[in-house]
Structures are given as C-alpha cells and as structure tokens.
Amino acid sequence: MLKHLLLVLLSLQLLRAGAAQTCPEQKEAIKILRQVQKLLADHESSYLRELKSLSRRLARLGGAVSRGDSTASSFPENCPPLKPPRHGRKLGVQKTPGHQVHFLCDLGYQLTGSETRTCLENQTWSGQAAACTATNASSLRPAKCSSFHSAQQCTCDPGFLIQPGALCQDIDECSLYQDKPGSKICVHECVNSPGSYRCVCPRGYVLDPVQNSCQDIDECVAEPSVCTGGHICINLFGSFVCVHPECPKPKANVTYIKTSGHQCERTPCLVGSGSCSEAPHSISFHYLAVQSQLSVPRVLFTMTAPQSLGDSQRFTITKEKGARGLQVRQAGRHRGELVLSRSVSGPAELQVDVEMAESSGQKLLGRHIFTVTVYVSQYPF
Ligand SMILES: [Ca+2]
C-alpha cells in the first residue's frame, strides 16, 4: 500500500512538473498517472475480494460455532499444498483462499498448465497443474549447398546430420548417449539443443563446465550465515543442515556442560556417587556428509581418545538409528574406525553412538561417547 502511495505522490510531482514542461513530457506524466490509477484499481479490487472472502469465512465460522461444530477449529481452511514442477520453481507459500502462487521453468524448459493459480473459496486451486517440458527447438534446418559442374554438394554444421532434401537434422546427443548405460555424457541431466547439448545440475549444485560435472555449493560459507540462533551449519552434498547439539539433561547426580559447540563434558562427581562415575566422561557430536551409493567398505570416521589414560580402548556401538551398514572396528590399541560396510542410497540420515571404553588391566577408567550423524545425499555426486 505504501509503495502505491509513493507512486501516486511521485506521479503528482511529475504532473506538477509536467505543467511547465514540453508536450512529450506531459504525455509521459499522463501515461504514468494512468498506470498508477490501474495499479490502485487492481489493488482495490483484490482488497475487496479478500475482505468478502474473510467475511464469508467469518459467517461460516459463526454458524459452525453456534451449531457446536467441533470442526470449526480448522479455520482458516486451506487449499492443498502444491509442489513445484519438475525442472521449475514455485513462488508463493500461502494456501489460504484469495492467495496466489506462481510457477517458473528452468532454462530450456517451457511451462504448460497455469502460470498463476489462485486458492479458491472451495479450497481448490484455479487453473491447471503446471509442468515444465523441454523446449523442442527446431531440429531441422536447411543445409548449406553449393553447385559445381551441375553437381550439388550439401554440408551441415557440427551437431547436425545431412538428410535427404538438403536438410540438416539435429543429433540428439542426450537420447544417443545419456540414456544408455556406460555412455553417460552428463552426471545428472542432459538437455538437447539444436547442434549441441548441455548438462544441467540439480538445485544445490553448480555445473563445472570443464569437467561437465556437478559441484556442490557450500552454503555454509555464505555471509550472513544461513543458520541462526547459535546453530552450526553443516555443508552437505547438494544441501546443508543447521544443527544444535544438546548435552544430556541433568539426571540424578550426573550433569554435563558444553565445553565447545560439538562437545559436552561431565562435571566432577560428588564423593561416593557410583552412578555418576559410571556415566560417560564426555559426549562429542560429529556430522558427516557422504554421497549416495558410495563404494564400500569405507572408513568414515576415526576415533581416538582425547588423552589416553589406560592401556587400551574398546569401541562398541551402543545406540543406532537407521544405521544399518555402519560398523565399528578396532584399528590399534588406541584407535577405532567407523566403517560403512553397505552401500546406502540417499537421501538418508544414519546415526550411531559409539562408546569408547578406556581400561587399565581389568579396571574401567572411563567412557566417551561419539555421537555420529551421517547425511547421505540424494545423488552419487
Ligand atoms: Ca551444499
């Protein structure tokens, strides 16, 4: 509204100035004023529509309340969520009646269906589902021909094949190579174009034109940070995650304090408190990003004691969540390794708690917990 008011003021200013100006400038000022009038009219009708919709919904809510209808709490009624089209984007998140969402397609794709859809009073969307289809640019063009001694010779530009009738047919490299196993020319998606083709990467990646591969974008280097409220940014392949490791809540006489963003230490135990001295000394949090379908076996993480007190350390998995394929193995007296033993298809999140028990002879000196979260990306790159 403020924007429109400013526009009106600006146009009035222009009109005032226009009074003393030349004819073309006056015409320009009148044109701007008309545009502003149209904007205001659009705004007014949209405002009235929303007001009417709100009043109808209030009336419905009033009726439902007086009937004692418990479903009235579902006010306001929303339209079902709409997904962005494949190879495109959706702008707008509101799903209440009167609101609109818009659809855009990536480069090389054309929108079919409705570009704009409005959430209607009956909680359905206006228009047709939006879809993005590859632009079918002209694949046939005339050949370059020359005559010599009444013999005609025709040639085509690179990327085209000569056809009868002095025509050049585009070679569809994507269907020729990309769709066949063992001859992929793009790591993700191939888009054919007249005389050539290009590789397209999914969101979260940028195309490396030299290698024709998709490189992950490190969102965590952005300023200001993409994570707020003291959360730590972890860059993943194709995305990122904001984490906030929490120490265990105080229980009986065991309390932990955070000694760094990724580490909790147990506070000293009271004399004679057996349960406290048996609790882990430290808990550290580790976040690993891996690609989908990694070749296995693969060492993901190595664990060593912060300061080795005892003769040996023993490593065991004490807790796991969706972590099939993660194993721990001893890699020396003071070292343990977390190994991925089974290839995992992403997107997936695996979590394990690995306990490291330090002992001297038969005596247990202390326990440390490594909480490891493995984020498996959607793609193998
Ligand atoms: Ca990333």
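Even glycines carry a Cβ here, placed using N, Cα and C.
Curation plays no part in TrEMBL annotations; they are all automatic predictions.
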Candidate in Cys132, Cys145, Cys154 joined to Cys105 through a disulfide, as TrEMBL lists it: Cys132
Stretch-averaged pLDDT - the domain 'Sushi' (77-134): 88
Neighbour count (Cβ, 10 Å) for Cys105 (disulfide bond): 21
Counts by DSSP class (helix H/G/I, strand E/B, coil) across the domain 'Sushi' (77-134): 0 helix, 23 strand, 35 coil
